[in-house]
C-alpha cells in the first residue's frame, strides 16, 4: 500500500469517528467538559486508533488489531462502568458505538473505504434516531408489532418456497409474484399506517390525509365524513384532507402502474397528474379560506400488515388478475373495463397491478390506460357517495364533490388535450 493511500485511508478512519462523535457529543452537550465517557474527540481518536490497528495488521499480522481492540475495549468499558455507577445510567449504546467506530476505522484501512463511510453514516443515523425510534415503539401496540413480525416471517420463509411459475389453467396466476405484489402493497400501506399511529392527530388534518392516502383513502374519507357530521365547523378542512388522500392514491396508482409497465407512465401521467394538481390546489384554497384550526380526528384504520387484511387483498388481487385475463380472452378487451369499474368500487391497487401485468401481452396500452382511468373515476365517485352517506349533505360532502368533479375534469382535459401534444412514441398505439 502506497504511503499516500495510507494517509487517505487513515483520514477516512478519523472522519468516521468524528462523524459519530458529533452525534454523541450533541446528545450529551449539557454535560460539563470531561464529565462524559466519550465525545467528539474520543470518538475521533477511536476511529483513528481503529485505522492504525488496521495498518499494523499489514506490518505485524492479524494479532495486532485484536490486541489493540482488546485493550481499547477494556479501557472504554471500565470508564463507562464508573460513569454508570455515578450517574445510575446503565445504557451500553456509547460502548457499542465506540466498538463499531473502531471496527469501521480498521475497515477503512484494510477493507473497502466505501463500506466504512456508509457504515459511519448508518451508525450516526441510528444513534440520532433514538427519540423517534422510542416514540415509534411506544405508539405501536403488541398486536401491530406481532402482525408485522408474523408477516415478515411468512414472507422470508414462505416466499422462496412458492412456485415461481403459473399454476392455473389460464396461465396467468403466479403464486410467487402474487404474494410478492401483495406484500409490497401492504408494506407501502403500513408506512402510512405507522406515520398516522406515531404522529397521530398532532400533525393536523393535512398530514393525516397525506399519510392516510398511503393506507386507504377510502377508509380515511369515510372516517373524516363521520367526524365532519360531529364537528361541522371543521368540515371543509376535513374535505381537504380527504382530497389530499385521494391525490396520494392517484400518485400511488401512477407509480405502481409505471413500475410494472413503464409504457404506461406517460399516458397515465397526462391524465392523473392534472387531477392530482387540481385536488391539491383546491385543498390549499379551502385551507387558506378556512379559519378553523381543529386537529385531525382519531383515525380508526385497519392495520395493513394484519394477516387477514393481507390475505383479503391477495385474494382480491388474484381474483381480479384471473377475471381480467379470462374475460378478455373469452369475450374481448372491452370486458376489462367492466372489471375495472367493479374493482374501482373497492380498491385501485388490484386493478392497477393486474392491468399493468397484462399490458403488452393480453391487452394493448390504450385499453390498459383506459381501464385504469375508469377504475380511478369510479373510485373517486365512490368516495363522494360515501361522503354523502356518512356525512350528510353538508359542507364536507359538497366540498369533496366539487373537488372531485374539478379533478375528473382536469384529468380528462389533460388526457385528451395534452395528449395531442405528446410525441406519438410516448402515447398508446
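Note: Cβ is positioned from N, Cα and C throughout, glycine not excepted.
Here TrEMBL flags 10-135 as domain 'MgtC/SapB/SrpB/YhiD N-terminal'.
The transmembrane segment annotation in TrEMBL covers 62-79 (among others).
If you look up TrEMBL, you'll see 91-109 (among others) marked as transmembrane segment.
The transmembrane segment annotation in TrEMBL covers 145-163 (among others). Packing against the transmembrane segment (145-163) from elsewhere in the chain are residues 174-176, 179-180, 183, 186, 190, 303, 305-307, 310: each is 6 or more residues past its ends and has a CB under 8 Å from a CB in it.
Positions annotated as transmembrane segment by TrEMBL: 178-196 (among others).
Summarising the annotation, TrEMBL assigns domain 'DUF4010' to 183-391. Residues belonging to the domain 'DUF4010' (183-391) score a mean pLDDT of 84 in the model.
The transmembrane segment feature in TrEMBL is assigned to 205-229 (among others). A Cβ distance under 8 Å defines the sequence-distant neighbours of the transmembrane segment (205-229), meaning residues of its chain 6+ beyond its ends; these are 188-189, 191-193, 195-196, 199, 235, 237-249, 251-252, 283, 287, 294-297, 299-302, 304, 347, 379, 382-383, 386-387, 389-392, 394-397, 400.
Sequence annotations record features per position, and here TrEMBL assigns transmembrane segment to 241-261 (among others). Among residues of the same chain six or more beyond the transmembrane segment (241-261), those with a C-beta under 8 A of the stretch's C-beta atoms are 185, 188, 205-206, 208-210, 212-214, 217, 220-221, 224-225, 268-269, 272-273, 275-276, 279-280, 282-283, 296, 348-349, 352-353, 355-357, 359-360, 368, 372, 376, 379-380, 383, 387, 396, 400, 403-404, 407.
As annotated by TrEMBL, transmembrane segment applies to 268-288 (among others). For the transmembrane segment (268-288), the residues of the chain that approach it from at least six positions outside its boundaries are 206, 236-237, 239-241, 243-244, 246-247, 250-251, 253-254, 257-258, 369, 372-373, 376, 399, 402-404, 406-415, 418-419, 422, judged by C-beta separation under 8 angstroms.
The transmembrane segment annotation in TrEMBL covers 335-356 (among others).
Per TrEMBL, transmembrane segment is recorded for 368-389 (among others).
Only residues 6 or more beyond the boundaries of the transmembrane segment (396-418), in the same chain, are considered here, and those with a CB under 8 A from a CB of the stretch are 221, 224-225, 228-229, 232, 235-236, 238-240, 242-243, 246-247, 267, 270-279, 282-283, 286, 373, 376-377, 380-381, 383-384, 387-388. If you look up TrEMBL, you'll see 396-418 (among others) marked as transmembrane segment.
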Stretch among 91-109, 178-196, 335-356, 368-389 sharing the most Cβ pairs under 8 Å with the transmembrane segment (62-79)
91-109
Any chance you could find the range in 91-109, 335-356, 368-389 with the most Cβ pairs under 8 Å to the transmembrane segment (178-196)?
335-356
Taking DSSP states H, G and I as helix and E and B as strand, how many residues of the domain 'MgtC/SapB/SrpB/YhiD N-terminal' (10-135) are helix, strand and coil?
104 helix, 0 strand, 22 coil
